[in-house]
Amino acid sequence: MSRHLFYGCLLSEIKVPMQSGMAIKLTDVSKRFGAVRANDKVSLSVEAGTIHGIVGENGAGKSTLMSILYGFYQYDSGTTEVFGKDHYFNNSREALAAGIGMVHQHFMLVDPFTVLENVMLGNEGGKLLKEGREQARTELTRLADEYGLSVDVNARVSSLSVGHQQRVEILKALYRGAKILILDEPTGVLTPQETTELFRILNALKDQGVTIILITHKLQEIMAITDNVSVMRAGKMVAHRKTSETSKEDIAELMVGRKVLLQVDKDESVTGKPLISVKNLTVKDAQGIERVKNVSFDVKAGEVVGIAGVSGNGQSELLEALSGITKIDEGSIEINGSLLTRKQPISPSKMRDIGLAHVPEDRHRMGMVNSFAAYESSALGYHNDEAYNGRFLMSRQKVKEYCGKLMDAFDVRPRDPNLKSANFSGGNQQKLILAREIERNPDILLVGQPTRGVDIGAIEFIHKRIIEMRDAGKAVLLVSVELEEIISVSDRVLVMCDGYISGEVSAAEADEKTLGLMMTNTDAAANLEEVVS
Amino acid sequence: MSQGSHEMPFWMDAILLPFLNIVTAFAATAVIFLAIGVDPVEATQILLFGAFGYEEGIGYTLFFTTNFIFTGLAVAVAFHAGLFNIGGEGQAYIGGLGAGMLCLFLGQWLPGLLVIPLAIVAAALFGAAWAYIPAYLQAYRGSHIVITTIMFNFLASSLMVYLMVDVLKEDGQQSPQSAEFAESSWLYSMHDFLAIFGVEIEASPLNLSIFLALLAAVFVWIFIWHTRWGYEIRTIGSNATAGVYAGIKPARVIVLSMCISGALAGMVGVNEVMGVHHRLMLDFHVGYGFAGIAVALMGRNHPVGIILAALLFGVLYQGGAELAFEMSNINRDIVVVMQGLVILFSGALEFMYRPWLMRMYLAISGRGDKQEVAA
């Protein structure tokens with residue numbers, strides 16, 4: 001039997017609704033990396049034909065557990081049963097053969113290939129592509145129809161939207177005979193509408209008997225779609241709940257181990273004069289493609305302006321233009337009285353001098369240097385400060401002392417300036433960067449994705465500090481893909497779509513639905529531009 | 001889950017690991033020696049005696065070490081900026097040209113106290129200038145520095161042949177070399193220098209350049225780790241995006257670090273041209289630039305490590321030469337194989353023992369049980 005037919009057989013099994021029972025049963029699975037116990041006697045039962053959510057803070061061990069299930073890592077002790085049979089996966093091929101498929105957070109697709117070629121990859125079914133191609137095409141069309149996963153099989157992956165690329169990933173797993181699908185943070189890159197669409201697909205899959213494991217840190221998604229939920233904390237499984245019998249607050253408390261305030265407390269803002277004033281700003285990337293298109297807005301002293309949008313719609317470029325990192329092409333930016341234009345750029349270090357601080361979106365790529373000790377990262381951007389430098393020499397002692405102060409002020413743990421930056425948890429790295437930028441008392445704060453990959457406890461703290469900045473009369477521009485964060489922290493919300501500002505609402509009027517519509521509404525953006533010009 | 005974030009104690013990483021690598025390289029060499037019918041124990045004795053057994057041998061060893069310190073530091077400085085400077089050969093060559101021309105033309109007019117510092121500066125400037133062009137091309141035109149520095153080695157080579165044959169050749173001579181410099185521009189050799197203080201040692205090429213090399217090592221240490229320019233270099237080298245965010249201009253860092261790198265490599269010219277040959281000639285630099293890459297790798301790009309690694313290479317050069325001279329069935333090529341094995345095990349396979357050592361360390365220290373899960 002050729003490999004291709006073999007997978008075909010597996011596929012035909014999917015159609016038969018699963019007899020109830022356990023799809024996956026893990027008992028006392030432990031895995032350690034060196035000194036770290038990533039998973040400590042974790043037990044998990046996933047009922048066949050259900051959607052099972054797994055939540056936990058960063059570093060709680062969710063990803064490790066899923067990597068074990070998918071055969072990426074091998075566990076040290078414990079047992080795994082898949083559909084009642086004992087298994088020990090040495091690699092992901094064996095996991096696939098047992099019916100487990102995975103959709104990664106970062107897609108594993110070959111961009112220049114078509115959908116069909118991507119799905120066939122690894123299952124070409126013969127020496128010549130031709131042999132397997134037609135068969136694969138038929139099979140793929142059938143699968144797509146059956147689950148409502150409509151995708152143009154001949155389209156290049158690079159031309160597809162993120163939502164459709166994700167469908168290709170799901171199809172790929174199904175094509176290989178997956179009866180259990182693991183999705184790792186699937187909605188991080190999707191718009192609210194795409195998320196709704198994904199959930200429809202997941203429900204359709206569930207109706208056909210597919211078992212789905214959903215890893216996420218978004219509690220409302222857990223509430224919306226899962227049947228059961230398991231909570232992990234510090235490498236241990238701390239609770240299993242039926243979703244219908246629990247609440248967001250309950251799960252949040254289980255994740256963090258203490259009560260958590262999900263809403264941000266704040267008073268009405270008192271605004272002053274504009275500190276950021278952007279007029280008809282256009283920014284092109286290195287390829288000459290316009291990323292920010294004719295954008296105008298103000299941020300006044302004493303307010304938080306949030307920029308919502310699906311990531312990749314010009315927010316990053318806007319932040320980089322505002323902080324002086326990239327050159328602008330048209331329009332002007334006025335920062336605290338200094339004018340920036342195409343012919344008159346202001347360097348990032350000059351920006352700092354005129355009172356602008358910037359917490360970048362991606363802390364590993366931009367906000368710090370992973371291989372540096374914490375104290376060295378704490379001087380990034382301020383390394384020319386007179387306080388650190390003599391005529392020739394830079395005093396490590398002084399940098400360390402100042403770093404210690406920052407760590408005290410923002411409760412960075414462990415409080416060790418000599419520890420390598422990479423060895424802090426995401427939340428503590430972010431707190432150190434925020435401390436570096438906020439403690440010098442800037443007039444303007446740009447913050448990108450302040451809570452990405454940060455655990456719930458630290459989120460609360462970070463939001464509080466941003467509000468404090470506002471209350472102290474500073475101008476804050478907040479860019480985030482988390483709508484909940486935008487709505488709860490900002491006073492005013494701008495929505496970016498395809499480089500345009502496609503809408504503006506006050507935070508009081510903003511809800512996820514209206515923002516979601518604006519985030520996808522390119523027409524509105526174009527219209528808005530016409531009105532402006 | 002940051003899997004790779006566990007760290008070994010410093011002594012394991014910086015001492016035990018390189019030591020194991022060298023032992024492995026020597027073990028492999030021993031196997032080869034046995035295969036060609038050489039007694040490894042006897043070979044080792046000859047090698048060590050050749051390197052350390054008598055004053056002249058020690059002199060040669062330290063003389064080679066001096067060159068390796070310069071080129072090792074050169075590679076390390078560029079490496080801290082994330083650049084792979086393969087052009088040490090050419091920069092050393094042209095550095096020698098700078099020093100040589102200055103001595104040649106000014107040596108007879110000026111006193112030594114003036115000529116020698118000037119010639120050292122000239123060596124640095126010429127080496128830096130030779131590195132500046134690839135650096136500029138990388139910084140402002142995006143040409144890859146590995147490719148351009150390799151090409152500049154060839155250019156240096158051709159240029160020197162032309163100059164030595166057609167321009168700087170001593171009149172009435174057949175061999176492509178310049179006239180001898182005036183004696184005032186000769187760098188004191190160590191035996192002459194020590195003789196001033198009444199200490200008699202055997203003559204060897206070892207000269208005062210070794211102090212210059214040690215000073216250069218101190219300079220690099222201070223510059224890279226204790227100045228804001230070094231901070232900028234390391235930032236760009238580790239994460240250029242973060243550097244731009246911090247307001248550092250990568251192009252300037254590339255040019256600065258490459259010029260310093262070229263200047264350090266150019267110092268080889270001081271050691272060779274001013275310290276030993278006292279005239280300009282062809283190929284005085286051969287091999288040191290490339291070996292500098294291995295020295296820097298082995299020395300973990302740290303001046304202390306580089307001095308130790310340079311010493312090891314000095315021993316291999318001098319002891320190896322002795323070995324080829326003493327034993328009939330060992331020729332120069334076997335010595336090159338030996339050096340190659342050291343480079344292979346301490347350079348390319350640097351981390352071969354690391355996972356194993358890590359496990360041993362964790363098992364022995366038993367820290368795993370105490371430490372809580374870290375994110």
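We count from 1, first residue shown onward.
Glycine is no exception: its Cβ is also placed from the backbone N, Cα and C atoms.
As recorded in TrEMBL, the features of this protein are as follows:
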- B:12-38: transmembrane segment (TRANSMEM)
- B:58-80: transmembrane segment (TRANSMEM)
- B:92-110: transmembrane segment (TRANSMEM)
- B:116-133: transmembrane segment (TRANSMEM)
- B:145-165: transmembrane segment (TRANSMEM)
- B:210-231: transmembrane segment (TRANSMEM)
- B:251-270: transmembrane segment (TRANSMEM)
- B:282-299: transmembrane segment (TRANSMEM)
- B:305-325: transmembrane segment (TRANSMEM)
- B:334-353: transmembrane segment (TRANSMEM)
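Looking at B:145-165, B:251-270, B:282-299, B:305-325, B:334-353, the range that has the most CB pairs within less than 8 A of the transmembrane segment (B:12-38) turns out to be B:334-353. For the transmembrane segment (B:58-80), same-chain residues at least 6 beyond its ends with a Cβ under 8 Å from one of its own Cβ atoms are 51-52, 88, 91-92, 190-191, 201-207, 209-210, 212-214, 216-217, 220, 223-224, 230, 233-234, 237, 257-258, 260-262, 264-265, 267-268, 271-272, 275-276, 288-289, 291-293, 295-296, 299, 301-303, 306-307, 309-311, 313-315, 317-319, 321. Residues 62-63, 65-66, 69-70, 73, 76-77, 80, 120, 190, 256, 260, 264, 267, 270-271, 302-304, 306-307 of the same chain lie 6+ residues outside the transmembrane segment (B:210-231) yet bring a C-beta within less than 8 angstroms of a C-beta in it. Count of Cβ pairs under 8 Å against the transmembrane segment (B:145-165): among B:92-110, B:116-133, B:282-299, the largest is for B:92-110. For the transmembrane segment (B:251-270), same-chain residues at least 6 beyond its ends with a Cβ under 8 Å from one of its own Cβ atoms are 67, 70-71, 73-75, 77-78, 80-81, 83, 85, 87-88, 91-100, 119-120, 123-132, 134-136, 138-140, 145, 187, 209, 212-213, 216, 220, 223, 229, 232-233, 236, 243, 284-285, 288-289, 292. Remote same-chain residues near the transmembrane segment (B:116-133) are listed as 85, 87, 90-92, 94-99, 101-103, 106, 110, 148-149, 152, 156, 185, 187, 212, 255, 258-267, 269-270, 274 (criterion: CB distance under 8 Å, separation of at least six residues from the stretch ends). With a threshold of 8 Å between CB atoms, the same-chain residues lying at least 6 positions outside the transmembrane segment (B:92-110) that come near it are 67, 70-71, 118-120, 122-127, 129-130, 153, 156-157, 159-160, 163, 168, 178-179, 181-182, 184-185, 262-263, 265-270, 272-274, 279-280, 284-285, 288-289.
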